[in-house]
Amino acid sequence: MGVLTVAAAAAKSALTIAGISKLTFIPAMLAAMAYFNYDLLDPENRPFNQKYLREEYDFIIVGGGSAGSVLANRLSEVEGWNVLLLEAGGHETDISDVPLLSLYLHKSKLDWKYRTQPQDSACQAMKDKRCSWTKGKVLGGSSVLNTMLYIRGNRRDFDQWEAFGNPGWGYEDVLPYFKKSEDQRNPYLARDNRHHGIGGYLTVQDAPYNTPIGAAFLQAGEEMGYDIVDINGAQQTGYAWYQFTMRRGTRCSTAKAFLRPVRLRQNLHVSLFSHVTKVLIDKDDKRAYGVQFIKDQQKQIVYAKREVILAAGAIASPQLLMLSGIGPAQHLQEVGIDVIQDSPGVGRNLQDHIAVGGLVFEIDYPISLIMSRLVNINSALRYAVTEDGPLTSSIGLEVVAFINTKYANSSDDWPDMEFMMTSASIPSDGGTQVKRAHSITDEFYDEVFGHLTNKDVFGIFPMMLRPKSRGFIKLRSKNPLEYPIMYHNYLTHPDDVGVLREGVKAAVAVGETKAMKRLGARFNNKPVPNCKHLPLYTDEYWDCMIRQYTMTIYHLSCTAKMGPSTDPMAVVDPTLQVYGVKGLRVIDASIMPTITNGNINAPVIMIAEKGSDMIKETWLPKRRKRNAKSSKFSEKGANEQQEHRGVQQRPWTSAIPEEPQMRCRPLRW
């Protein structure tokens, strides 16, 4: 009955979006989902929420997102190491599995619902002129809420990291870690074993469902002189079908990929709804020895024998560092926190990818994704039975393009603009959830997009890849439950305005190609509010427009950057250990010195893969260091990966006798 209940809830939620309230199809839907996808609906597949924790673990990982899930898997491979993963949210839901519905998770209970301070430089079309920063508050983190795009970045990104003084982080150093995670399901891509891996925990595949608009995008790219490429291969510049972190038509979050296959390991505990509020640091020898957290409305502590690892993301990790006394000394003193380590780079250097929303093109044929037309009983059954159909579309994202504006060196394969090309856009859901997810005001939507509601359209979102503007976060107070103050500082550097303006012009030009004109493409020419006083389509108009519907792609990063000891703004060293504090690392998007050329989920997973190996190199005896890549680890990893791909294996358990378990020691304040 549990399966039927879950399936009913998933079906009802999905189809309510299309305004269907009488679920007369439920018996067929339930039978199909229970028969064909029972393994997805079986709650026993999820990691256990450990109720009783040990008093001490070897490693405590804070944050069960894209990085934390990988770290928990890899560190618990080692017999004798007890690992605790603390996550502030709960389990992902069955709705989060459905690719088409990802935007319906924004501002849900799975989202931290961060909002930036109002600034005049961007986000003028948003409510209160504040950008919404969606971050996953759920096991699997933002990999549960994102659009599942698998893009590694450019080789020059990582070579630049190394040039900044971070040995071991060049492209050739990190490529094996990308491949280690990957299970590439496209056979044409997988045969390029120089750049792709198979058999890893993370399933990567092409979308099962595309519209004719996707093929037209590729034709338009060729018409404009670009190659059709594998964007995770030898060349990034060009057009390509997106690659997705999907498995059998459903989302493959890092929780599903890395935690479910190892949920029976007795040396790995996962504690959900556990909000970490502070890292405990000995002030005398400056060593992290545990964390305090809130669970079940009780303040608790747990101790770390070896290391505490922050994998809470580019907002929460620097926030926790500052709450624990690591950060800009003057700021910490202002909010009443004792300074343990003066680290001026904590919370600074914030980088994000922003795009211009609202570049919408109307077409003449009923081939786009319109929610009211496609979310119905037929689509639901097709999704359940054949793992195909419009519900497997990632909100219409079909084709990606990496292009050069006039500000980039076109002779070098390091483009400065990414086009996210969709067979839908903001009016495709009837002006409901997309508008809400992006915090667009009703007045702006009605004036610019109201006439296109539920009409056939496609969208192009030009995304600037290497911003020069830098934001920052700081504490609002020493109360750990208060969100930090967040300044995006988008478009405060004049070069960013120029690059994004040229990206908009290039996107409009795509709609003028013969390939798109065959569909009847015509750009939505409604003038943007606040810019009507400027001549339409002049540089001044575009500069004004990009400050209105400024859309974050939720790639917040670089707030605890990695760098050499000679860099005063570096927070962690090249082994990701926090400067000035022993037994503490940061392993997530925070450590990026500069943001990568593309969507950042794949690089974050790579950082965790590499970081876990660095931890093993630190703590394993020399005889095991030499054998870190020996058959013992390889065989164990292969067995577990076979298990998650359906090959029956005996569950692995630690050879160490189980220690008596106890409730975490309550913390008295």
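Backbone N, Cα and C define each Cβ position, glycine as well.
Any TrEMBL annotation is an automated prediction that lacks curation.
Listed in sequence order, the residues of the same chain lying 6 or more apart from VAL276 (FAD binding site) and placing their CB within less than 8 Å of its CB are VAL62, GLY63, LEU86, ALA88, VAL291, GLN292, PHE293, ALA312, LEU320. As annotated by TrEMBL, FAD binding site applies to VAL138, VAL276.
The compositional bias 'Basic and acidic residues' annotation in TrEMBL covers 632-646.
Annotation comment: TrEMBL describes 136-159 (among others) as domain 'Glucose-methanol-choline oxidoreductase N-terminal'. Counting same-chain residues at least six beyond the ends of the domain 'Glucose-methanol-choline oxidoreductase N-terminal' (136-159), those with a Cβ under 8 angstroms from any Cβ of the stretch are 46-47, 63-69, 87-92, 96, 99, 102, 105-106, 109-112, 169-171, 173-174, 178, 204, 231-232, 236, 242-246, 251-256, 259, 270, 272, 313, 394-395, 397, 400, 412-415, 554, 594, 596-603, 606.
Annotation comment: TrEMBL describes 313-327 (among others) as domain 'Glucose-methanol-choline oxidoreductase N-terminal'. Long-range contacts of the domain 'Glucose-methanol-choline oxidoreductase N-terminal' (313-327) within the same chain, counting only residues at least 6 positions beyond its ends with a Cβ under 8 Å from a Cβ of the stretch, are 62-63, 65, 112, 114, 133, 135, 141-142, 276-281, 337-344, 346-347, 350, 473-475, 478, 480, 484, 486, 556-560, 571, 578, 580-581, 586, 588-590.
Look at TrEMBL and you will find 619-669 tagged as region 'Disordered'.
Secondary structure of the domain 'Glucose-methanol-choline oxidoreductase N-terminal' (136-159), assigned with DSSP and counted as helix (H, G, I), strand (E, B) and coil, comes to 9 helix, 3 strand, 12 coil. Listed in sequence order, GLU87, GLY89, GLY90, HIS91, GLU92, SER96, LEU110, VAL144, LEU145, ALA255 are the same-chain residues six or more apart from VAL138 (FAD binding site) with CB atoms under 8 A from its CB.
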